[in-house]
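J.: Here it is, the structure, as structure tokens.
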Amino acid sequence: MLNKDQFADNHFIRTIIEEDLESGKHTAVQTRFPPEPNGYLHIGHAKSICLNFGLAYIYDGLCNLRFDDTNPEKENDEYVNAIKEDVEWLGFHWAGEPRFASNYFDQLYDYAVGLIKDGKAYVDDLTPEEMREYRGTLTEAGKNSPYRDRSVEENLDLFTRMKNGEFPDGSKTLRLKIDMASGNINMRDPVIYRIRRAHHHNTGDKWCIYPMYDYTHCISDAIEGITHSLCTLEFEAHRPLYDCVLDNIPAPHATRPRQYEFSRLELLYTITSKRKLNQLVVEKHVSGWDDPRMPTISGMRRRGYTPEGLRLFAKRAGISKSENIVDMSVLEGAIREELENSAPRLMAVLNPLKVTLTNFETGRTQSRRAAFHPNHEEMGEREVPISQTIYIEADDFAENPPKGFKRLIPGGEVRLRHGYVIKCDEVVKDEAGNVVELKCSIDHDTLGKNPEGRKVKGVIHWVSAEHAAEIKVRLYDRLFTVERPDAVRGEDGEYLPFTDFLNPESVKEITAYAEPAAKDLPAESRWQFERIGYFVTDRKDHGKDTPVFNRTVTLKDSWQPK
């Protein structure tokens, strides 16, 4: 359930919106989230989703979902469907049906014809190499194309023939006629159409010319009546072109959109480049786009992150124009905080050590009811059985304990969570000297109460060996060992391959044992394994016969760079 407190506090975009509403410039807020369907959404997109949909929610406006699908070779329906699923999973709903820039191709073409008729666009025959040469540099003005002064009639004829498929791919472009000497390179006669014979996921083979992003985006905003078009800072230099296009076409809507920029999220210890994420998938460094180590929304969902936790992270990351570098611990902290409140508890033992309770009757089973959550009675209770043989964590026993060790030691006592106080009477070892079993006695008078005359400080978790569910546990950790894996230079000053910094210990699969309540859980069921961390049943591989749990995050931030 959304509420207005879940979104970023007052920031400069909210100030702009409130001033626009107060002045009457706009009577309602209309935003949009405009992904290109050429990959899966990642954590950076989650921030943008929360911003655009969140602002619409806060100010009782609307937010469109629009697919900027102008690159047919890279886009497909798989990505479209995945994006829609991710947005809905995050808790948001778009206004009306999803939009596609490709739905506006006819209008975009008509506007281009109008620009030609007004002498503001021309067909160019320069090759890409020649165009780069004519474009100039940041310190040197560009040169006019020799085709810049074609007549309106010739340009209309050539553009029509481009549309009809009479010319080879890449042989001609349509360019805006602006200023080749502009200090902003984006304003040096930018290309707005190119010839590209490619099947389009939405329009099929209807078109062999496709509009460019800078031309399409602003017109799509205008058609949809967007009031505040929000994008990341790398588009700041494109804003003059955004305004220029809209200044030179008939207004498609009474509302004129305005572009505003905010800083891109940079999350440490990961990457968000779609190209590099795709490389990880193609080269099989990960199992797919939804691998729980990936920063994709589908990967984080499979890892066990919650929509509420991601919205909390987006709020804490904030919105500004300054550099937005955020440590992974901030993301993990937000997830941990949300799960602390929402995840029911179970006990599980990841590294089992056998314990025989010598004074517990052989063949007898006793059980005690325990709450699923200490602060949420509504989550109910479960039966926790105990039998003569139990498993505890091997780390919860030490023959030669370090200072301050409060768990089980030879001759020492510890309380079993939800159970008795036990005392270690004997340590059993194998031929190699490894501890393989503890023989302990229970204090029968300590079930649910403290022992008389002594204080037992340590409390450990455990499971009944007879009743435990055998589970598969995947212990996930950070995918990379350095903060910026794609920004490390070698001795020669060149960037090193980001794959050099993959964490070889980013996943480890083990067999563990959990309370019997773990046997019949549905997929995507999130739990706290007491004293260990937060886990989720895998949404793909989990089943009744083969329970699979993914570690979402540890109870505390224990990351140490490798």
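Just so you know, glycine gets a Cβ as well, placed from its N, Cα and C.
Swiss-Prot lists these features:
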- E36, P37, N38, H42, I43, G44, H45, A46, K47, S48, T232, R264, L265: ATP binding site (BINDING)
- D68, Y213: L-glutamine binding site (BINDING)
- 35-45: motif ''HIGH' region' (MOTIF)
- 271-275: motif ''KMSKS' region' (MOTIF)
J.: Using a 10 angstroms cut-off on Cβ to Cβ distances, just flag whichever of E36, D68 is the loneliest among these binding-site residues.
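T.: Minimum Cβ neighbour count within 10 Å, taken over the binding-site residues E36, D68, occurs at E36.
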J.: Highest Cβ count within 10 Å among the binding-site residues H45, K47: which residue is it?
T.: K47
J.: Taking the residues E36, P37, N38, H42, I43, G44, H45, A46, K47, S48, T232, R264, L265 listed for ATP, what is the greatest CA to CA distance in Å, to the nearest whole number?
T.: 20
J.: Round to a whole number and give the Cα-to-Cα distance in Å for the pair Y213 (L-glutamine binding site) and E36 (ATP binding site).
T.: 10
J.: When you measure from the Cβ of T232 (ATP binding site), which residues in the chain that are at least 6 apart have a Cβ under 8 Å away?
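T.: Residues satisfying the criterion: S48, E261, F262, S263, R264.
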J.: Three states by DSSP: which one describes T232 (ATP binding site)?
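T.: In three-state terms, T232 (ATP binding site) counts as strand.
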J.: Take the C-alpha atoms of H45 (ATP binding site) and D68 (L-glutamine binding site) and report the distance between them in angstrom, rounded.
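T.: Here the two Cα atoms lie 14 Å apart.
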J.: What are the non-local neighbours of L265 (ATP binding site), defined as same-chain residues 6+ apart in sequence with CB under 8 A from its CB?
T.: I43, G44, K47, T272, A317, N324, V326
J.: Between N38 (ATP binding site) and D68 (L-glutamine binding site), find the distance joining the two CA atoms and give it rounded to the nearest Å.
T.: 10
J.: What's the CA-CA gap between D68 (L-glutamine binding site) and E36 (ATP binding site) in angstrom, rounded?
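T.: Here the two Cα atoms are 5 Å apart.
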J.: Averaged across the motif ''HIGH' region' (35-45), what pLDDT does the model get? Just tell me the whole number, please.
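T.: Averaged over the motif ''HIGH' region' (35-45), the predicted model reaches a pLDDT of 96.
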J.: Counting all other Cβ atoms within 10 Å across every protein chain shown, which of the binding-site residues N38, I43, Y213 scores highest?
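T.: Going through N38, I43, Y213 one by one, the largest Cβ count within 10 Å is at I43.
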